[in-house]
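Per TrEMBL, active site, proton acceptor is recorded for His151. The Zn(2+) binding site annotation in TrEMBL covers Cys159, Cys164, Cys185, Cys188. The annotation domain 'Deacetylase sirtuin-type' is assigned in TrEMBL to 21-270. The region 'Disordered' feature in TrEMBL is assigned to 282-301.
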Amino acid sequence: VELLRTLLSRTLGLGGDKPEPVLDELSLQGVSRFLKSDRCKNVVCMVGAGISTSAGIPDFRSPGTGLYSNLQSYNLPYPEAIFEIGFFKKHPEPFFALARELYPGQFKPTVCHYFMRLLQDKGLLLRCYTQNIDTLERVAGLDPELLVEAHGTFFTSHCLRPSCRQHYGLAWMRERIFSSLVPKCEKCQGLVKPGELQGSGAQQEFGWGSSPPTPSCTSHPPRHCVFWREPPLTLLCPPGVGSLCLCRDVAWLGDCDSGCLALAELLGWKEELEELVQREHAAIDAKGEDRDRGDPQKRRG
């Protein structure tokens, strides 16, 4: 009932007074003016695979290039099985083979990641909800306290046995993934997995459906959620994400990095953003050279 009331109110102007407009113009220019105003106190980012594709990490569903189009070698019953907890418990090898290709440390954060870092540095970022497990938000310098990693992260792993649940860190998991060993718990020899796999596992372990709950512009907020601030402003960047929200104030129909650069330019942040990306990428390259000096076979990404 609450969802229907809100939907009718927002789309047809029924059931209540119209909320005060957030933007003076429904455009990227209007968004930039709002962000620069004293009215803008908190920004929430909700991101997924699209922000990491320019780093070289494939998304899931793009025909020909997405992960689901290139998993034939793993002999899966269907592509999505590689991320389902039930299949993982019986056949963990395909997931860890894929993990070797996508493991953190092989990729650099994108312009979009560093735009969120700028929002944080300027005191505007309230929270970043991410479906990604590539840890690039952390690499870009986002405060873990501001991150909600909805599908978990390679940064932490745990034993699947309910009686154990022993936690392991990034270095421990990395050593086992690149030694081609299926990670087993040192306490009980149970299977250890990074992140939180989707599908039935999420439902069994956390009471979710096919994926963790993502804030919606029209659903009633749970008591613990900090996303809702009235009136909300929704900005969508990449094509194909219209199903996320039932209301859209502004849509940027282009790739995420270009959208962030365009918005940064309107905000007067473009030069600062480009310098941040260049400086941080140079630091990542320097760390990689120090780690792999003398062994070019170890250089990745």
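Please read every residue number as a count from 1 along the shown chain.
Keep in mind that glycine also has a Cβ here, set from the backbone N, Cα and C atoms.
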Per-residue Cβ crowding (10 Å cut-off), top of binding-site residues Cys159, Cys164: Cys159
Spatial separation of the residue listed as 'active site, proton acceptor' from Cys188 (Zn(2+) binding site) - C-alpha basis, Å: 25
Largest tally of Cβ atoms lying within 10 Å of a Cβ, found at which of the binding-site residues Cys185, Cys188: Cys185
CB contacts for the residue listed as 'active site, proton acceptor' [other CB atoms within 10 A, all chains]: 17
Of the binding-site residues listed as Cys159, Cys164, Cys185, the one whose CA lies nearest the CA of His151 (active site, proton acceptor): Cys159
Model confidence over the domain 'Deacetylase sirtuin-type' (21-270), averaged pLDDT: 77
